[in-house]
Amino acid sequence: MTDPLSRAHAAALDAADPLRNLRDAFVFPQHGDDDQTYFVGNSLGLQPRAARAMVDEVLDQWGALAVEGHFTGPTQWLTYHQLVGDALARVVGAQPGEVVAMNTLSVNLHLMMASFYRPTAERGAILIEAGAFPSDRHAVESQLRLHGLDPATHLIEVEADEPNGTVSMSAIAEAIAQHGPHLALVLWPGIQYRTGQAFDLAEIVRLARAQGAAVGLDLAHAVGNLPLTLHDDGVDFAVWCHYKYLNAGPGAVGGCFVHARHATSDLPRMAGWWGHEQQTRFRMDPQFVPSPGAEGWQLSNPPVLALAPLRASLALFDQAGMAALRAKSEQLTGHLEQMIHARVPQVLQIVTPVEPARRGCQLSLRVAGGRARGRALFEHLHAAGVLGDWREPDVIRIAPVPLYNRFSDLHTFVEQVEAWAAA
């Protein structure tokens, strides 16, 4: 019987993988004569091979039609953003009218808070996790100040209460219950960027809405990583980026979800002409008539060249399906966890929760001996063509992405850790 932690077993798993051919749909950076062993899809996804042709299609249409490309040609720019809408909805578990690709994550977060953070004298607090991504914290604090409120009194932070710096569901529930009468908004991540912890979003939404608070999600590390059910969960809004697991390129256009119950609401918003209903947009009337659904929060015409790579990537998600991607992801990350425990337990400590339901593909790792040794291992891996990433103060993040990573890649990683430890 083959050793389940051997390279031979990994090769057999790769050969039996129903998604194995998707790897060929991506361009890999090179290390010498070989592909890099790339575990950084949680920071920047690889380039889909089809992206170049789709960008060229836009460039060719621009060259051939100039301004007329907005209304004629194979992919009219007037409605180009809608070419990704249905596929995006499938990835995040939404109805098509609930999603739009626009702006960037932090811009969209501000737009959503302008509509959904409506503080009153009694209810003005915003609840976040204490380890929130800095841009989210900056956005929240600035929104509080715009309303004349002090973050010291109106920003509620849920501290990590588990040994590895993760947050229990009971701590979240307790904080929502304790501050419920004063909460205007709960803003929570789908996955914590440093620890890799995934959260029970449906339960967080239920608890927050029961207290009368609006609920928003930052899905930067969850979209394309976990199956999501935003419509059924009832979240008010969600924002995310497309340059990580959605492979749309550096600085890619962001994504936004607004629940269907708000599709035709009179919520105040920061308005722009591309959010005006499409049928009358070019009449240039002074009165703003919003498009129904998430498209009504658009400001300017979409960046068509930036949307083209997203189209290429979403076609691969449709080909694979989120359920199949998640099944492979659980296998990959579980296999990596087993190998770390079996072969390098004296070197690496896994920060990320062990339960598959509480993590995505990423494992966050600490190196025994502290930060200096952690940096030394990180730099050794990089020099060997094994790319993870580093998050201060002391975490190496390794994210096996099911679209393009193999079980044999995990062995390359562990073998390099062993080589470094033995040196």
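Every residue, even glycine, has its Cβ placed from backbone N, Cα and C.
Swiss-Prot lists LEU105, SER106, PHE133, PRO134, SER135, ASP136, ASP218, HIS221, TYR243, TRP273, ASN301 with the feature pyridoxal 5'-phosphate binding site, giving sequence analysis as the kind of evidence. For the recorded site, TYR243 (pyridoxal 5'-phosphate binding site), the DSSP three-state label reads coil.
When Cβ atoms from all protein chains are considered, those within 10 Å of LYS244 (N6-(pyridoxal phosphate)lysine) total 24, not counting its own. Annotation source Swiss-Prot lists N6-(pyridoxal phosphate)lysine at LYS244.
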Practice prompt. Ten-angstrom check, please: count other Cβ atoms within 10 Å of the Cβ of SER135 (pyridoxal 5'-phosphate binding site), all chains counted.
Written response: 14
Worksheet item: Going along the chain, which residues six or more apart from ASP218 (pyridoxal 5'-phosphate binding site) have their CB under 8 A from its CB?
Response: LEU105, LEU109, ALA132, PHE133, ASP136, LEU187, TRP188, PRO189, GLY190, ALA238, VAL239, TRP240
Worksheet entry | Rounded to the nearest Å - Cα separation of SER135 (pyridoxal 5'-phosphate binding site) and LYS244 (N6-(pyridoxal phosphate)lysine) | 16
Practice prompt. Could you check the binding-site residues PHE133, TYR243 and say which one's CB has the fewest neighbouring CB atoms inside 10 Å?
Written response: PHE133
Worksheet entry | Chain-internal residues, separated by at least six, CB under 8 A from ASN301 (pyridoxal 5'-phosphate binding site) | TRP77, TRP274
